[in-house]
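Asker: Dumping what TrEMBL says about this protein:
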- A:85-151: domain 'HMA' (DOMAIN)
- A:168-187: transmembrane segment (TRANSMEM)
- A:207-225: transmembrane segment (TRANSMEM)
- A:237-256: transmembrane segment (TRANSMEM)
- A:262-280: transmembrane segment (TRANSMEM)
- A:416-437: transmembrane segment (TRANSMEM)
- A:443-467: transmembrane segment (TRANSMEM)
- A:735-756: transmembrane segment (TRANSMEM)
- A:762-787: transmembrane segment (TRANSMEM)
Amino acid sequence: MSIQTCFHCGLTISKNDLLLFDDKEFCCNGCKTVYEIFSSNNLDGYYDFEKAPGATPLDIQGKYDFLDNDNITSKILDFNEEHTAIVSLTIPHIHCSSCIWILENLQKLQSGITLSQVNFPEKKVRINYNSQQTTLKEIVYLLSSIGYEPYISLDNYESGKKSQNRSLIYKLGVAFFCFGNIMLLSFPEYFEVNEYWLDNYKPFFRSLIFLLSLPSLLYSASDYYVSAYKSLKSKILNIDVPIALGIIVMFLRSTFDIIMDYGSGFFDSLTGLIFFMLLGKMFQIKTYSFLSFERDFKSYFPIAITRIRANKEESVPVYDIEKGNRLLIRNQELIPVDGILISENTEIDYSFVTGEAIPISKKSGDKIFAGGKQIGKVIEMEVLHSVSQSYLTQLWGNAVFQKEVEQKYQTLTDKLSHYFTPILLLIAFLGFGFWIFKNVTTAFNVFTAVLIVACPCALALTAPFTFGNILRILGKKQFYLKNALVIEQLAKVDTIVFDKTGTLTSNKKSKISYEGKLLSSLQLQLLKNIVHASNHPINRMLYDFLPESDRISVTSFEEITGKGILATIENIPFKLGSADFVLGIPDSNAIQTTLHIEINNEYYGKYLFKNEYREGLSSLFQQLNKKYNLKVLSGDNEGDKDTLVSIMPSETTFNFHQKPEQKLEFIKKLQEQGHNVMMVGDGLNDAGALAQSNVGIAVSENVNVFSPACDAILDANRLKNLNNFLNLSHKATKIIKMSFVISLLYNVVGLSFALTGNLLPLVAAIIMPLSTITIVSFVTLMSNYYAKANLE
Amino acid sequence: MSVIYLLIAISIVIAIGFFIAFIIAVKSGQYDDDYTPSVRMLFDDELQSTPNKTKQSNQEK
């Protein structure tokens, strides 16, 4: 029999779990139920677009009870008046056309929903519904029951409706409108042959051109004036200074020309220039809507939590929690505040915070920190600090997160402009000084012509097109950059700091080894069946590690939170768990995670779990070591040091037991020594270091899940290619330098026209687009070539 | 009045018309999501009914 996959979710079905329904195979009841819902509503079409598109619905009993609270729902809703309400929900599972189809047919599944619309790139669905007939809670339950559980976090609570910034599109539209019409209207004059007809209508054409140039000049180009003004104020000459100067001089000279009837002016070049530069700006912006580079703890934290007051449970917004409150945390719920455990014991998974996959067990009276995920039975806890004062969230009080830096560093283009602008002015004045003794009019003409022709349009386009292209290429390789400036920063990096847990190690897989008496194959089979019944991450890992076996039913099974499992199978009692639980002695080796096995009251041995390092690390480090200082920071103990030393080059330095603030300080210190630091991290505990570093890269197993605020998100499988990405960034700056030379050559040609007083509008109208096209095609070809050479 | 004024006026008016159409399109959010509509138009308007489907009870092997 060939391998069977679930008709709904596509997972391989193990033999014993197979469910048949409607001649189709399902892996579990959840998937089958979703199919039943769809087929009974004539929505089978779901399975036509994509093979096995679904997700298994998870148990969400009680998880969304807070949606009964009107205060909370009103914060989530986009719009709510009388009977109509609109809500936008983020659904991480949206991934194919089947998803769009089913989510846009929601009204067939639930009355009251009037319209639902998917925004695929953002993984969002916008639902309009009648609040009399249905509630938000019902909709969320419906979505969850068909495998599309929405992601509602504290972020939804505050932001409300975000308005999109579309001003660049408007500006581009205006610029193109002006440019196109002016081009058409100025065409006759390009072939000026003192014809009666042309002469007759010249003033009309020219005044129309003048009017058409105004919106482009005043609206589309407004960003350049603002930026130039700001840079002059801070006494830096960025590239926008000569651009703004060129634009203004061009406009004044052209207006003067047509008023005095000297010529047709440079309005065509002027609007063309503005249009091309905005196009470059547009191209440089490549957004990955489904990713966010600005997340803080709010994206992780729940919006509401269950509070116990006078023996009654109530849902309260997380911000309303006060010190001394008693909270109820269910299985898989996130702990939003620091507190003390009241229930007997539990296990807390801090993988969100530290990247460490193996949960930590806590006893009654232990302190538990915000950010952990509770695993096990429902627990009660007492609050010690409110949300904003909790250990983890305090990190966001640090200054790094407060300042809004528009542009942290001087770009390559601005550096060049620093020399370009004074030289340009010098040439303009020299030309003016030379001509003024011969002819005053020509002197003014030369002066303005220099500023016009040297307006660094091609120069300003170089970086956007190179970086825009490279941004797209890297995005295809699962290296998502926040913006184009990051590429330049990557090229400047000289020190790379790695976080260990979750970054260098994988938190999905563990290296498992066994020490002790050999287990027979029957015992292994039985063991596999026992751990199958448990949801504990360690048991899941062991389950995946043990060889395939037939299903044998477990007679009795008891999981003791924080300790282990007691089970009987085929009349053989099994006891697995911590050393304390199985042997009755505290664990001698606290550094490693172990699972001890006792069968039939006889101690057999223990399984050892070690972090598994990602593939290709040692070769990556060998490559990186040639050019960079490498450092490793870890929040963990030194248990792994030997393994690390063996894969890292000998120059690498290690720091263990690093708290989030210490990581941040570490980066700061390196920067104070004059280093350009790149931080590669993953968890929330790296958030400070990522923000402080010159380039912060978040490594993520699944880029659709949330990663902390950073400059770039890298798919974990691509970590081994990091060196190639860095090489490409060096090549990008090289390309830019080369094309600077080309565009300067064009400037020399243009200046020779300008200085001899021969710059006709036609010449300007040819040189400007020509240089732009040359530069754009040059950088596109070069960056594609280098990408091929480096990344394949 | 020469015909050129009329022609130019017409051409400018048409251009402005298209420009306004563009602005309206941006405003209504058509440029915010350039992927979903391309998929959406391929869906059938009405759901196909699937008659004669005998529902089997679920069997566990």
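Using the three backbone atoms N, Cα and C, a Cβ is placed for every residue, glycine included.
Nobody curates TrEMBL annotations by hand; they come from automatic prediction.
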Asker: Among the recorded stretches A:168-187, A:207-225, A:443-467, A:735-756, which has the greatest number of Cβ pairs closer than 8 Å to the transmembrane segment (A:237-256)?
Answerer: A:443-467
Asker: How does the domain 'HMA' (A:85-151) divide up by DSSP, counting helix, then strand, then coil residues?
Answerer: 21 helix, 21 strand, 25 coil
Asker: Answer with yes or no whether the transmembrane segment (A:762-787) touches the transmembrane segment (A:443-467) by the criterion of at least three Cβ pairs under 8 A, sequence separation 6 or more.
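Answerer: Yes, the transmembrane segment (A:443-467) and the transmembrane segment (A:762-787) are in contact.
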Asker: Grab the same-chain neighbours of the transmembrane segment (A:262-280) for me: Cβ-Cβ under 8 Å, and only residues 6 or more beyond its ends, written as numbers and ranges.
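Answerer: 168, 171-172, 175-176, 178-179, 182-183, 186, 189, 202, 206, 209-210, 212-213, 216-217, 220-221, 224, 243, 246-247, 250-251, 253-256, 452, 455, 457, 460-461, 464-465, 468, 760-761, 764-765, 768-769, 772.
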Asker: Quick one: find which recorded stretch in A:207-225, A:735-756, A:762-787 has the most Cβ pairs under 8 Å with the transmembrane segment (A:416-437).
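Answerer: The listed stretch sharing the most Cβ pairs with the transmembrane segment (A:416-437) is A:735-756.
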Asker: If you average pLDDT over the domain 'HMA' (A:85-151), what do you get?
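Answerer: Its mean pLDDT is 85.
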